[in-house]
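Take a look at the structure below.
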Amino acid sequence: MDIEEYVREILKDIRERGLEAIREYSKKFDGYEGPFEVSKEEFKEAEERIPERDKEIIKRTLKRIEKYHRKQLKQDILYIENGSLYGLIYKPLKRIGIYVPGGKPLPSTLMMVGVPARVAGVKEIVVTNPPKDGKVNPYILYIAKLLKIEEVYKLGGIQAIAAMAYGIGMKKVQKIFGPGNKFVNEAKRQVFGIVGIDSLAGPSEIAVIADESADKDFVLYDLLSQLEHGKDSKAWLLTTSKELADYCNREGITVIVCSSLEECCKKANEIAPEHLEIITREPLKLVDLIENAGAIYLGLYTPVPAADYFLGVNHVLPTGGAAKFMGVLTVWDFMKPISIAMVSREEFISERELGIRLAEIEGIELHKKSLEVRK
């Protein structure tokens with residue numbers, strides 16, 4: 001049975017048997033049999049376990065992320081022409097779900113998704129996280145508390161996606177965010193249409209464009225830092241320096257020596273990496289040549305880990321070449337643009353011939369009648 005069929009069968013079983021099936025899969029995959037929703041006492045216990053210094057670091061980081069994302073907010077567009085009103089208004093989603101993966105705890109995932117959701121005006125946020133020894137990571141619970149998220153569930157894998165999408169054991173969400181393993185990804189893919197999803201996150205990627213001015217160790221450790229995410233992670237060095245190429249020629253790193261920085265940019269556009277660092281004498285001059293990248297980090301002191309944690313820019317990025325057609329997570333991913341119009345009688349009468357003729361061309365008679373019947 002391939003992964004698509006495997007996930008489909010589990011989702012079908014959960015749809016049919018509901019909470020009973022979720023309990024069985026939670027026991028099977030996570031070894032957990034207790035209540036799913038995290039209690040107020042567990043929130044309190046988690047906060048008590050966090051060192052004060054870590055609390056301060058988390059608060060400072062959240063402020064930086066919030067500051068960056070508040071600048072993204074768009075104003076509604078409204079204008080009047082010929083006595084008619086036209087516009088585009090933005091409405092936040094009411095309820096979303098955030099999947100925070102297990103394995104290594106990733107509290108930064110909750111920060112990077114939860115903050116823009118709150119900035120956008122999302123009122124209800126649900127978090128799911130696979131339990132470890134029957135508990136959710138205390139840092140995740142502390143961040144949830146700071147973001148005023150009260151619904152956190154000890155749920156992982158396919159069953160967590162199903163619970164959020166179908167509204168089993170909780171209210172259904174409108175859209176699911178957050179990375180996961182191949183089973184979570186496939187579950188998200190299959191529930192798309194029932195709910196929205198952010199993206200299908202793949203292995204981490206980094207490409208570095210560097211010339212002879214780049215510090216060799218800076219470049220090397222930036223490349224290696226992304227390979228640390230897992231064996232499927234990818235790293236490319238695109239450089240005009242043979243010396244740097246030789247120094248960074250390590251296992252897992254694809255090294256490409258180019259004749260010019262322009263050629264490096266061309267290669268980067270073909271790769272469309274999740275993260276692109278440009279460490280050259282004049283990195284800003286190359287930005288206009290980059291068309292495909294999830295994020296661009298310039299200069300010696302903007303490594304990917306800085307962006308992952310404390311710069312405030314979002315680290316939820318397209319992978320697997322998807323940067324050719326989509327971009328970084330923003331507040332707009334949590335909002336819906338809605339067009340609005342109120343046309344005056346005078347403008348309608350003067351312009352309706354456009355619609356009447358187009359309806360005739362398309363052969364849809366009742367569209368035409370809807371326009372003609374108005375006098």
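For all residues, glycine too, the Cβ spot is worked out from N, Cα and C.
According to Swiss-Prot, the active site, proton acceptor annotation covers Glu274 (among others). Secondary structure at Glu274 (active site, proton acceptor), as computed by DSSP, is coil. Within the same chain, the residues at least 6 positions away from Glu274 (active site, proton acceptor) whose Cβ sits under 8 Å from its Cβ are Ser204, Glu205, Ile206, Ala293, Gly294, Ala295, Leu317, Pro318, Thr319, Ala323, listed in sequence order.
The active site, proton acceptor feature in Swiss-Prot is assigned to His275 (among others). Counting every protein chain shown, 26 other Cβ atoms lie within 10 Å of the Cβ of His275 (active site, proton acceptor).
Annotation note: Gln159 (NAD(+) binding site) sits in a helical segment as assigned by DSSP. Within 10 Å of the C-beta atom of Gln159 (NAD(+) binding site) sit 28 other C-beta atoms, taking all shown protein chains into account. According to Swiss-Prot, the feature NAD(+) binding site maps to Tyr99, Gln159, Asn181, an assignment based on similarity to another entry.
Under the heading substrate binding site, Swiss-Prot lists Ser204, Gln226, His229, His275, Asp308, Glu362, His367. Long-range Cβ contacts of His367 (substrate binding site) within its own chain (separation 6+, distance under 8 Å): Gly355, Ala359.
Annotated Zn(2+) binding site per Swiss-Prot: Gln226, His229, Asp308, His367, in sequence order.
Separation of the C-alpha atoms of Asp308 (substrate binding site) and Gln159 (NAD(+) binding site): 28 Å, rounded to the nearest whole number. Packing around Gln226 (substrate binding site) is summarised by its Cβ count: 25 other Cβ atoms lie within 10 angstroms of its Cβ, all protein chains included.
Tyr99 (NAD(+) binding site) sits 18 Å from His229 (substrate binding site), taking the Cα positions as reference. With Gln226 (substrate binding site) as the anchor, the candidate recorded positions are Gln159, Asn181, His275, and the one with the nearest CA is His275. With a cut-off of 8 Å between CB atoms and residues at least 6 apart in sequence, the same chain places Pro101, Gly157 near Asn181 (NAD(+) binding site), listed in sequence order.
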